[in-house]
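Per TrEMBL, the feature compositional bias 'Basic and acidic residues' maps to 204-217. Per TrEMBL, the feature domain 'Transmembrane protein 135 N-terminal' maps to 9-142. Per TrEMBL, the feature region 'Disordered' maps to 204-226. What TrEMBL lists as transmembrane segment is 34-52, 73-93, 99-116, 123-143, 155-171, 304-324, 336-359.
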């Protein structure tokens with residue numbers, strides 16, 4: 001591991017902005033590139049979000065553009081201020097340390113940048129960056145042999161996270177807002193919180209609701225008696241209703257078996273369509289050159305993997321919940337702990353460290369705020385701002401010193417934000433710190449103007465104490 005006290009005498013031109021000897025010009029170039037990239041990211045993002053949320057005309061006229069510009073300014077500042085502090089730190093310290101090129105320059109830049117962003121978005125950005133920083137630290141630990149990875153660790157983490165999420169979903173006032181709505185959409189309204197309801201009390205309500213629900217198909221059947229679709233639907237409904245259903249179960253239109261099967265089919269379809277939609281933009285780029293790409297969009301392996309993941313998660317959760325109701329003759333929120341954990345095994349179909357880490361981070365946030373409400377945890381003002389700054393600084397440290405341990409998608413994002421300039425750093429010089437900084441950049445040798453360099457290229461580099 002690189003020693004923090006060791007240093008090298010190179011200037012910021014020799015290591016950082018190798019494309020230009022001027023600190024001011026380099027900062028302006030990075031800022032201009034970041035501005036263009038940021039606007040291209042946020043303009044469609046906010047527009048699509050506004051359409052999906054069915055915003056009114058006043059929002060488009062008065063709020064849409066200011067919100068786009070504010071978020072664009074935040075991301076632009078994050079990129080531009082980084083290279084500025086990169087040069088400022090070199091001037092102040094007189095040399096480069098293992099921490100100054102990445103963490104040291106990114107920390108103040110990220111802190112100032114996040115202050116520009118809207119407060120309503122800071123929490124989401126903080127969760128994302130904290131998740132990314134945790135993953136980066138884990139990869140650093142594995143690379144150094146300090147941490148030994150657990151086989152299927154992302155699946156185990158997801159099992160534990162899903163178990164607690166489903167428990168909070170079943171508890172009174174356990175989850176609120178988007179998280180509650182998302183889980184309600186995934187597992188269905190039939191699993192909406194009930195609190196230790198005995199079979200006898202549920203049985204008193206069950207038949208009444210079943211009777212009401214059965215009246216609706218009758219009126220529709222009279223209208224479309226000759227329709228083949230109506231007859232098929234009637235047949236399926238009768239099959240679904242005649243099977244076994246425990247008195248505690250709230251899926252009055254289905255027996256326990258069809259309830260699980262329908263849940264699988266529904267969420268498999270959702271997962272399949274989501275993955276298809278994500279691949280549509282890339283497929284249309286090759287519409288005229290390679291039309292066969294459009295067909296591969298439909299039977300891509302990942303489409304079925306995401307569908308199997310979501311479908312099996314729901315069916316396992318529902319099946320386990322029904323089984324526990326039959327065994328215990330009771331509908332209890334504690335069932336969700338077991339059902340959620342077993343449902344988490346479904347991630348074997350679609351392994352994703354990103355999903356596991358993000359959901360775990362959100363769970364920690366949820367539990368922390370519950371602790372604050374209960375008076376058990378202290379509240380720290382501006383904690384999200386500080387966490388964002390530190391997390392981003394950790395990721396920038398990896399991007400400079402050991403990019404092989406950074407999530408590939410985030411590295412691509414940094415290249416897009418800086419117009420590829422992040423890859424132009426002279427990482428061969430940084431190899432002396434022992435982090436294999438140039439591992440992925442062996443072929444790159446910057447062409448430096450010797451008039452502005454401190455260390456001659458032919459001189460062997462040694463660490464200074």
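Cβ atoms are placed via backbone N, Cα and C, with glycine included.
Heads up, TrEMBL stuff is auto-annotated, nobody curated it.
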Remote residues contacting the transmembrane segment (123-143) - C-beta distance under 8 A, at least 6 residues beyond either end:
114, 117, 149, 353-354, 357-358, 360-362, 365, 384-385, 387-388, 390-392, 394-395, 398, 402, 404-407, 410
So which of 34-52, 99-116, 155-171 has the most C-beta pairs under 8 Å when paired with the transmembrane segment (336-359)?
155-171
Give the nonlocal contacts of the transmembrane segment (99-116) in its own chain as ranges (CB under 8 Å, at least six residues past its ends).
4, 15-16, 70, 73-75, 77-78, 81-86, 88-90, 93, 122, 125, 385-386, 388-390, 392-401, 430
Secondary structure tally of the domain 'Transmembrane protein 135 N-terminal' (9-142) (DSSP, helix then strand then coil):
110 helix, 2 strand, 22 coil
